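S.K.: This structure is in structure tokens; I'll ask about it shortly.
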């Protein structure tokens, strides 16, 4: 037996633990209460995998108080508070009476509900045990009311250092700097924890000067003290100070612990500095440091943010059974961030127990990678599983609604926010402005903007971009001057939005003045200016502007000229712009289609065929045009000539009836956009079933009379559909809002908000 005791005391690795366990098996002691309690105690010290510890615990049929106490300590160390409370419930069912040692663990695990155990301790007479009393004080110091903690403190006849420390920490938790400092000054004997509490307290208040003063005055420092100061610098963005202090710590011979490594690794992660990472990893390897799962998770995240997903996944796989939820979430987020949604979703589906961060990572991944519908569907699954979203979730979902133009579901999300009292920060309000703007509801977008206590450049940019898409140039320009008055400096996005608004609104002189005011215009600003000149028929000036550019023009610049060439039927400039675009982005089908449209308008069918031949040779496929519309929380998608919808027969019937009424009203199909030399009747049939017409027909079929119809289209609306929808809006007495890939068209009473200027 003495041999076994010696083995337990000398165990420093998991292999030693397993060897001891094997010897207990050989001696038929593996189910003995005493030795199982010792094994679990050893598991806690050596950070054994939870699955292994669980098997050790389950090997005993009637665990005693020592086994329960040790297993509770193990899960408490892991931060697995729900497991602690579950095991305590099991302890009661086994009729094992807890002793005083159990209650500090339970109080810590219960958080603000620890008041229940305070009452239990009073009933059992454990409230005067100094460890229990200290845990109770600590609980009230964290969760309140602080007054009760002070009452308990004042009642203590002989206060231990730990009691003073609990009270000082409680004061800092509730922002009471004066009381914390007063207690510190009154304290007869201070230890390293006391000084560290002061460093931590001032760091949280962003008072790094005082934090460093107390740190420098410490008679002795533990690794926890160094961690407190390092965390203070890290949390306040002082990265250089973190590295400097970390080097000082190493030179003093203080061995970093897991918290140190998590802090420093996380800092490197946020910087994404590959050389910094390389140096840090070399130091870890050279010193033979064994990182725990938290530090390895930080390392995983660091590699991911530096673009090395292979190393991230290697660390993830090596963690094996040591993976915790933070590790899973970090890996899911890493894949989602680079757009590898298949890998992210594969891991997400495997997570043993998902939390709100797991859901946020995958929802944001889909939302940020253009798969808004999937993001919303995942959000619905999240709600169905009774996981309460937070602001991060709602920002992703609201943004996804904006991208889809799903105003109906967006309004539902806003109501959900109010119902569950989820408070939005400035980023949440910005997401709302974006959603309303992208759904064509500028009234509510502006309402959110006006209600904000503070606004940043993103708030202004989002609303300006919304006005630009609607062609509200005057409003966009006024916002530019307003933000300058509020001392918010416009950025490149601001000027792109305002110039686009001027272009859509026809404000040539104002746009020129704003363009001239930009200190260092980039290619995007030139593209906006070329578009503005082109829309006003000044195509030769636009070409001269391109020639004057200090930088090499990108595709957007020539694209603006190509669009203008089509509108004004300038075949020469269209050919010039297209030739440049074929060099810059040879796989973009839109450029070939636009040039083909220019030729088709002039009935130059041989040139149309030549361009189509270039597409075939280059393997370029025309982008499929689609439109979708929201109805009863679902998105309905249509492509040209679509007959796949479950109500296709009814949709085509409504479309046919509507077309007959339109012809009586004088409508004639505009077939200039058809890229084939076919009979006029066939051309009319081609344009007659464009996706936006099918979407409008569906809306006429399923929505209430006089309600607003909202359609989203991935390409620009064609001339024929534009004319047709104007007529439909008058015939049906409907406002029909179409968002194409360039701007909004609000059709009402036979007119469009763009005034045919698009």
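Quick reminder: no glycine exception, Cβ is built from N, Cα and C everywhere.
Quick paste of what TrEMBL says about this protein:
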DOMAIN    666-758  domain 'DYW'
REPEAT    64-98  repeat 'PPR'
REPEAT    191-221  repeat 'PPR'
REPEAT    222-256  repeat 'PPR'
REPEAT    324-354  repeat 'PPR'
REPEAT    355-389  repeat 'PPR'
REPEAT    456-490  repeat 'PPR'
S.K.: Short question: which residues 6 or more past the ends of the repeat 'PPR' (64-98) have a Cβ under 8 Å from it?
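M.R.: 33-34, 36-37, 40-41, 43-44, 50, 53, 57, 105-106, 108-111, 324.
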S.K.: Near the repeat 'PPR' (222-256), which residues from the same chain, at least 6 beyond its ends, have a CB less than 8 A from one of its CBs?
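M.R.: For the repeat 'PPR' (222-256), the nonlocal Cβ contacts are 192-193, 195-196, 199-200, 202-204, 206, 208, 211-212, 215, 263-264, 266-267, 270-271, 276, 289.
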S.K.: Quick one: DSSP breakdown of the repeat 'PPR' (191-221) into helix, strand and coil?
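M.R.: For the repeat 'PPR' (191-221), the helix, strand and coil counts are 23 helix, 0 strand, 8 coil.
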S.K.: The repeat 'PPR' (191-221): which same-chain residues, six or more beyond its ends, come within Cβ distance under 8 Å?
M.R.: 161-162, 164-165, 168-169, 171-172, 175, 177, 180-181, 184, 228-229, 231-233, 235-236, 238, 254
S.K.: For the repeat 'PPR' (324-354), what is the mean per-residue pLDDT, to the nearest integer?
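M.R.: Its mean pLDDT is 92.
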